[in-house]
Amino acid sequence: MGATFWLGRVAGIRVGVHWSVLVIFTLIAFGLAEGRLPRAHPGGALWAYWLTGLVTAAVFLLSLLAHEISHVLVARRNGVGGDEITLWLLGGVARLRSEAPTPAAELRIAGVGPLVSLVLGGVFALFTWWAHVQHGPVLVVEALAWLAGINILLAVFNALPAAPLDGGRLLRALVWWRTGSRLRATEVAGGAGRVLGWIMVAVGLYEVLAGGFSGGLWLVLIGWFMVAMATLEGSQARLRELLRSVPVRQAMTPDPVTAAVGTTVEEFLGSPPWRYRHSAFPVTDDAGSPVGLVTVRRAGQVPVEDRGSTSLEAVMVPLAEIPTAGPDDPLDQLLPTLDASPARRALVLAEGRVVGIVTSADVSRVVTWLSSTRPPGAGLRTVP
Ligand SMILES: [Zn+2]
C-alpha cells in the first residue's frame, strides 16, 4: 500500500499507518468533540471535549491494532509467517506470508480477531461501569462507553460470514473442512462477500437519498470495497489453484549471476559480468552465501562521486526482506509475498546457496502457459 508511514515494531511485527487513517482519526475525534460529547454533557469546556475526543480516537486505533496483531501472532503459532500490519481507512490489514495450512488453522487465525475486539469491548464496558460507580469525570465515562460500543460493533461486523471479513474466513474454513476443497470454499465466501457488499451499497444509497448523507456514503464505500475485495480474492484463489501444481524450479531463472557484497557500486554498474544482463542480482558474502539482492535502479541512485566508495552492502535489499523458496516448493506459495517484496523478486535457495531467481514476470509467463494450454472455461478469468 503506498503512502504508508512505518511507526515501528511490536513483537517483531512492522506496524504501518496509511495516510487515510488521518481521515478516520479526524472524523472520530471531530464526531466526539463536536457531536456526541457536548450533546450528552452540554456546558463543558471546548478543550475538554477535544482532548477527550483525540485521546479516544487514539485508543480506538490501538484497539484496531490489537485486533490485527492477534491475527499475526496466531498465524505464527500455526506455521504461517506474518510480519506486517497496515492500518488504513477501513480498518487494518495484516499481511501473512502464506495461506493457512488446514481449515482448523484458518479457523483459529480468523477467529481470534473478532474475539479480541469482543474482549476489548467487554473490558471497556467494565471500565465504563466502574468509572460510573466511582463518579469519575462524565466525559471519561462517555468516552469509555463509546469505546466499548465500537469494539463490540467491530467484533460483530467482522464476524459476518462474508469475504473479506474475518467471518468470511470462518465460513471458508467451514466449507473447506466439509468439502475438502479450498477453491470451492473461497468461492462460497467470496459469493457471500459480494452479496453482502451489494446489500450495503444499496442500503447506503437509500440512506443518501433519504438525507443521511455521510452515514450512507460510508456504507456505500465499505460495501463497494467488499465487492472488489471478494472478487479479487476469488480470482487469486483460482490463480493459486493453477500454480499449486508447478514447482518453483520450473519458473525460475537458474544459476543467476551474483555480485560479491564488497563490490563497489562503480564496479557493479560498469563491469561486463553484470552489464545489460539483468536488472537485479543476488548479493553473496565471501563464503558464497546469499545476503541480499541489489537492483541496478537502486545502485544508480548513488551519486556518481560516491560510487567508488560505496559497497553493494549499502544499497542492497537485505535477505530478510526478500521472499525465498526452495526449488521444489509449489509456485503458489510465492504469490502473496512476491508482489509485496521491495524488488518484486524472490530468491530460490538450496543448502544455503542461490540456485535461482523468480520475478513477477516469470509467474505471469507460467500463468499464460497454464491458461492457454487448458481447455476453455477451466478456471482463470482474470489475473491480478
Ligand atoms: Zn480481523
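Cβ coordinates are placed from backbone N, Cα and C, and glycine is handled just like the others.
TrEMBL does not curate its annotations; it predicts them automatically.
Here the structure is a predicted model, which means the values were calculated and not measured.
Binding of Zn(2+) is attributed by TrEMBL to HIS67, HIS71, and within the candidate set ASP83, ASP166 the record adds ASP166 to that site. As stated in TrEMBL, the feature transmembrane segment covers range 12-33 out of the listed 12-33, 210-231, 342-363. Taking H, G and I as helix, E and B as strand and the rest as coil, DSSP gives the domain 'CBS' (316-376) the counts 25 helix, 18 strand, 18 coil. In sequence order, GLY92, GLY113, PRO114, VAL116, SER117, LEU120, LEU154, ASN158 are the residues near HIS67 (Zn(2+) binding site), counting only same-chain partners six or more apart with C-beta under 8 A.
Long-range Cβ contacts of HIS71 (Zn(2+) binding site) within its own chain (separation 6+, distance under 8 Å): GLY82, ALA94, LEU96, ILE109, ALA110, VAL112, GLY113, ASP166. Counting every protein chain shown, 24 other Cβ atoms lie within 10 Å of the Cβ of ASP166 (Zn(2+) binding site). Its Cβ placed at the centre, GLU68 (active site) has 24 other Cβ atoms within 10 Å. Sequence-remote contacts of a segment are chain residues at least 6 beyond its ends whose Cβ falls under 8 Å from one of its Cβ atoms, and for the transmembrane segment (45-67) they are 10, 15, 21, 25-26, 28-34, 37-38, 85, 87, 91-92, 113-114, 116-117, 120, 139-140, 142-143, 146-147, 150-151, 154, 158.
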